[in-house]
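Notes for the one structure printed next.
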Amino acid sequence: MMAGCGEIDHSINMLPTNRKANESCSNTAPSLTVPECAICLQTCVHPVSLPCKHVFCYLCVKGASWLGKRCALCRQEIPEDFLDKPTLLSPEELKAASRGNGEYAWYYEGRNGWWQYDERTSRELEDAFSKGKKNTEMLIAGFLYVADLENMVQYRRNEHGRRRKIKRDIIDIPKKGVAGLRLDCDANTVNLARESSADGADSVSAQSGASVQPLVSSVRPLTSVDGQLTSPATPSPDASTSLEDSFAHLQLSGDSIAERSHRGEGEEDHESPSSGRVPAPDTSIEETESDASSDSENVSSAVVAQHSLTQQRLLVSNANQTVSDRSDQSGTDRSVAGGGTVSVSVRSRRPDGQCTVTEV
């Protein structure tokens with residue numbers, strides 16, 4: 001059995017590096033003071049401290065939060081705004097990373113700007129680029145990404161549809177931040193900058209542009225008789241003339257209605273919307289439909305009158321045919337003209353529908 005001092009020394013060696021940093025040890029190298037991440041099992045890149053005091057990489061916490069808003073070790077709930085306002089262990093390290101160690105750095109495209117890769121991913125990209133590789137794989141927030149160094153795009157290995165541009169540029173170009181962490185600490189900016197993807201791309205400005213849609217596009221264009229499209233906002237100069245003509249046609253007698261019945265339905269439909277009030281450019285669809293419905297009622301009343309007149313003429317024609325058939329059977333020759341027309345009109349109004357033949 002080991003001595004008590006040996007057990008203590010063994011347990012200290014098994015502690016994470018961040019706990020070794022609290023101990024005063026002369027043979028500990030400065031590089032070992034960087035905490036280790038329990039998610040990616042590597043040294044932390046931009047370490048953040050959760051409310052439960054557990055330390056992880058910022059991107060590792062971000063990827064794990066998609067599965068559940070809880071700590072990966074103790075399962076304590078993570079606040080909703082933690083990714084917007086993370087608690088960095090060393091904010092100076094973020095500023096130093098943005099300045100870089102060399103002349104060039106690697107960036108990926110975001111909305112309204114470029115994000116700089118974290119130091120570890122930048123080293124992997126630079127190493128693959130210097131060796132002339134066509135592509136390389138990167139582990140970001142628990143997802144495997146493929147960097148296409150020929151087309152300068154990145155995408156998830158299991159989802160090729162979502163692509164993002166990447167580039168190799170000088171270190172001093174304007175940038176939004178590093179690995180999803182903004183360089184500016186303005187509270188208003190941070191609240192609006194909710195990052196939605198693992199590689200730190202934001203999607204706030206997309207909602208403001210997509211919500212604005214023109215109202216005029218929802219108005220249906222009018223179709224004229226010759227098949228051309230006319231816009232309600234640009235009426236023809238003869239609109240007032242066609243308005244007077246349409247009402248004049250509606251007030252004609254039965255003969256005029258009979259002539260109207262030979263016209264096509266397309267002409268009636270064309271007169272209804274054009275005979276309404278001339279709409280302004282900002283006229284809504286409801287106003288256009290109400291004007292069209294008022295004219296359609298006038299046209300429908302004329303159609304009903306024409307329908308009743310047609311039925312009366314059909315009854316007269318059937319009665320005339322019945323009289324001529326019976327006159328042939330009795331052997332009496334009659335002419336259709338003369339009193340036949342008068343007798344037919346009387347017989348057609350009888351309720352029983354029977355006709356009696358009176359010889360003259």
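Yeah, the Cβs are placed from backbone N, Cα and C, and that goes for glycine too.
These figures come from a predicted structure and were not determined experimentally.
So that you can see what the record holds, here are the features copied from Swiss-Prot:
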CROSSLNK  Lys85  ubiquitin cross-link
CROSSLNK  Lys95  ubiquitin cross-link
CROSSLNK  Lys131  ubiquitin cross-link
CROSSLNK  Lys176  ubiquitin cross-link
REGION    259-360  region 'Disordered'
COMPBIAS  284-294  compositional bias 'Acidic residues'
MOD_RES   Ser290  phosphoserine
MOD_RES   Ser294  phosphoserine
COMPBIAS  295-305  compositional bias 'Low complexity'
COMPBIAS  307-333  compositional bias 'Polar residues'
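Working note on the recorded sites Lys85, Lys176: by count of other C-beta atoms within 10 Å of each C-beta, Lys176 ranks first. Lys85 (ubiquitin cross-link) is 16 Å away from Lys176 (ubiquitin cross-link) when you measure Cα to Cα. In the three-state DSSP reading, Lys131 (ubiquitin cross-link) counts as coil.
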